[in-house]
Amino acid sequence: MKTLLLTLVVVTIVCLDLGYTMKCKICHFDTCRAGELKVCASGEKYCFKESWREAREVKIIRGCSSSCPEKKNVFCCSTNDCNW
């Protein structure tokens, strides 16, 4: 009985993936379509959005990061889907 209970606990932990994984937007446009999310790698606990002007366009990069880059036009956040 104890073996069965232990097996169920292990299977539950594996199936639920108790390790938290961050999800960030990855599109390179001003607005993103629904579902354009990336599951970040282990250790990447921030989402970021970097924008800058190039010629007559605004360029945007979004993604995951292990640290928050301290640049002028970078927005960082630490919740899922927050780098709008």
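Each Cβ is built from the backbone N, Cα and C atoms, and glycine gets one as well.
Residue density at CYS24 (disulfide bond): 24 other Cβ atoms are found within 10 A of its Cβ, drawing on all protein chains shown. Following the DSSP three-state reduction, the secondary structure of CYS24 (disulfide bond) is strand. Under the heading disulfide bond, Swiss-Prot lists CYS24-CYS47 (among others), citing similarity to another entry as support.
The disulfide bond annotation in Swiss-Prot covers CYS27-CYS32 (among others). Cβ neighbour count for CYS32 (disulfide bond): 18 (other Cβ atoms within 10 Å of its Cβ, all protein chains included).
If you look up Swiss-Prot, you'll see CYS40-CYS64 (among others) marked as disulfide bond, on the strength of similarity to another entry. Within the same chain, residues at least 6 positions away in sequence whose Cβ sits under 8 Å from that of CYS64 (disulfide bond) are MET22, CYS24, LYS38, CYS40, ALA41, GLU44, TYR46, CYS47, PHE48.
Of all Cβ atoms in the shown protein chains, 18 besides its own fall within 10 Å of the Cβ of CYS76 (disulfide bond). The DSSP secondary structure for CYS76 (disulfide bond) is strand. The disulfide bond annotation in Swiss-Prot covers CYS68-CYS76 (among others).
If you look up Swiss-Prot, you'll see CYS77-CYS82 (among others) marked as disulfide bond, on the strength of similarity to another entry. Taking the Cβ of CYS77 (disulfide bond) as reference, residues of its chain lying under 8 Å away and at least six apart in sequence are, in sequence order, TYR46, CYS47, PHE48, ASN83.
According to Swiss-Prot, the feature signal peptide maps to 1-21, an assignment based on sequence analysis.
The two recorded residues CYS82 (disulfide bond) and CYS32 (disulfide bond) have their Cα atoms spaced 12 Å from each other. Summary for the disulfide-bonded residues CYS27, CYS40, CYS47, CYS68: the Cβ-based neighbour count within 10 Å is maximal at CYS47.
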